[in-house]
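**Q** The structure follows.
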Amino acid sequence: MLLRILTFLAVCQVTTSHKILMFSPTASKSHMISQGRIADELANAGHEVVNFEPDFLNLTDKFVPCKKCRRWPVTGLNNYKFKKIQNGLSGDVFQQSSIWSKIFNTDSDPYQDEYTNMCEEMVTNKELIEKLKKEKFDAYFGEQIHLCGMGLAHLIGIKHRFWIASCTMSVSMRDSLGIPTPSSLIPFMSTLDATPAPFWQRAKNFVLQMAHIRDEYRDVVLTNDMFKKNFGSDFPCVEFLAKTSDLIFVSTDELLEIQAPTLSNVVHIGGLGLSSEGGGLDEKFVKIMEKGKGVILFSLGTIANTTNLPPTIMENLMKITQKFKDYEFIIKVDKFDRRSFDLAEGLSNVLVVDWVPQTAVLAHPRLKAFITHAGYNSLMESAYAGVPVILIPFMFDQPRNGRSVERKGWGILRDRFQLIKDPDAIEGAIKEILVNPTYQEKANRLKKLMRSKPQSASERLVKMTNWVLENDGVEELQYEGKHMDFFTFYNLDIIITAASIPVLIFIVLRISNISIITSSPKNKKD
C-alpha cells in the first residue's frame, strides 16, 4: 500500500490551485470557443476557472463553451440593439466604402457603444458585484474586443490580469503596449493590400493605422467616462489596466503570422485543444467523405450569416460546384437559410448543412480544400490538419489573415466581391488548389512544424500562468515604452526640434540680410 501511495505521489504534478475569472461575453460563438479552450486547459491544470458569460446574444442556454469550467451566465441584459447590430454585420460587408470615409469618419461605433451600455448595466448591478467580490479571484483573463472586463476586474479587486488577443494583435492593441507596427511591412487588418508595397499603398496603410488608433481611443475614452461616472474620477484608465497586464496571450500561432516586433511578455497560444478535438464523423458525413475524387468544404464561420448575404453569392457557388462534378461539396449555411437548401436540390455532389463537425472533416484524408472566410479558428484548424485553403475574407482581421496565408504559400486569396461579380475567379482558385501540388506540400510542412514544436500551446499557457501567479507577478517583463506618451515614445519632440533648427537659421539669416541691406550707405543716402 505504501509503495502505491509513493508511486501516485511521484507521478502527480504539485501545483498551487488558483481561482480564475474568464470574462467571456456571448458576443460571438467563435470567440466563446476560443475562450472556452483556454478555460478548459487551465481547469485541466488544476485551477478553478469560472467562465463569466454576460449574455449579449441570448446564447448561454444554447451553447456550451467549456467542459471543465464553472459557468456563470449573466442574463436579462438590455441587448436588443446589440443583437440587431450583430445581425446586420453580414449585409454591411458588401457595402463598399472609400478610404476617405474611413479616415474622416468621426462617428461613434454602434457596436462598441452598445457594448459599453451593457457593460454599465452589468457593473452597476451591486448584487452581482458583491457576489463576484466574495469569490476572491486570483486572476482575470479577458479579450481585447472591449475593455469592460478590465474595469470589472479592478472593481472586484483582482490583482493579476492576463490580456488575450483573440486573433492577430490589432494596431491599436500593439500601440497600447508600446509595440511598433511598421506600416511598410504589416498590412492594415481590414485591407487586402500586399506588402512590401509601393509608396501610395504604404501611405494608405499608415493613414488607416492612425485612423484605427484614433477610433479605438474614442471607444476607450467612452468606457473610461462610464467607469468614472459610476465609481469616481480616480478610477484608473481601462487602457492602463490592460497594458499593465502580467502577460498578453495571443490566440494565434507564430507560424501563421506576418512576422513583426514583439515583447517578452507576449505569448502565442494558438492551437489550444486541437490535438484533443476532431472525434468521429456520423454516418451522413462518413458517406460523403468517401465519394468522388475527394471533398471540398465551404464555410463562412459564425458571424457571416448566409441568410443576410446577397442571394447571388449562393447561386454562383452552386454553379461553381457543377464545374467539379467529380468532387463532393459540403456547404455550411445558416439554419434559417432555406433558399440555399432549395438551390442544392437535385445537385448530386452537394450537401448543404447548418452544422458541420469542422475539425473532424478537416482531419479527414480525403478533404482536398477548405473555402473559408479566414477567421482565425478556421485557419488554425486547417493548418493543424494540413489542408490548403481558399480565403474569402469578409471583415475584421480576416483580410490580413488571408494575406499572411497567401504569403506563406498554402492558400489562395480572393476578394469577397468576386463571389458576386467574378465567380470565375473562385472557380480558378479551386482548380489551382486541385492541380498544383505546391499548396498541399506547403500545408503539410506547416502541419509538421506546428505539431513538432518543442513546447505545445497548452504547456505555454499553463506554465506561464503558473509562473506568474506563483511569483506574485513578473514586473521584470513590463515594457517601459508603454508608460511613455505618444510624443516621447516616437521622439517627435526631437524630430520637430531638429527640423525647426534649419528653418530658424534660414529665418535669422533672412532677417539679418534684410537688416544689412536696409542699413547700407546707399540706402542711408537715399
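Cβ coordinates are placed from backbone N, Cα and C, and glycine is handled just like the others.
Straight out of Swiss-Prot:
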- 1-17: signal peptide (SIGNAL)
- ASN58: N-linked glycosylation site (CARBOHYD)
- ASN305: N-linked glycosylation site (CARBOHYD)
- 489-509: transmembrane segment (TRANSMEM)
- ASN513: N-linked glycosylation site (CARBOHYD)
**Q** What kind of secondary structure is ASN513 (N-linked glycosylation site) part of, going by DSSP in three states?
**A** helix
**Q** To the nearest whole angstrom, what is the C-alpha distance linking ASN513 (N-linked glycosylation site) and ASN58 (N-linked glycosylation site)?
**A** 76
**Q** Could you measure between ASN305 (N-linked glycosylation site) and ASN58 (N-linked glycosylation site) for me? Cα positions, answer in whole angstrom.
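**A** A Cα-Cα distance of 17 Å.
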**Q** Give the number of CB atoms, excluding that of ASN305 (N-linked glycosylation site) itself, located within 10 Å of its CB.
**A** 20
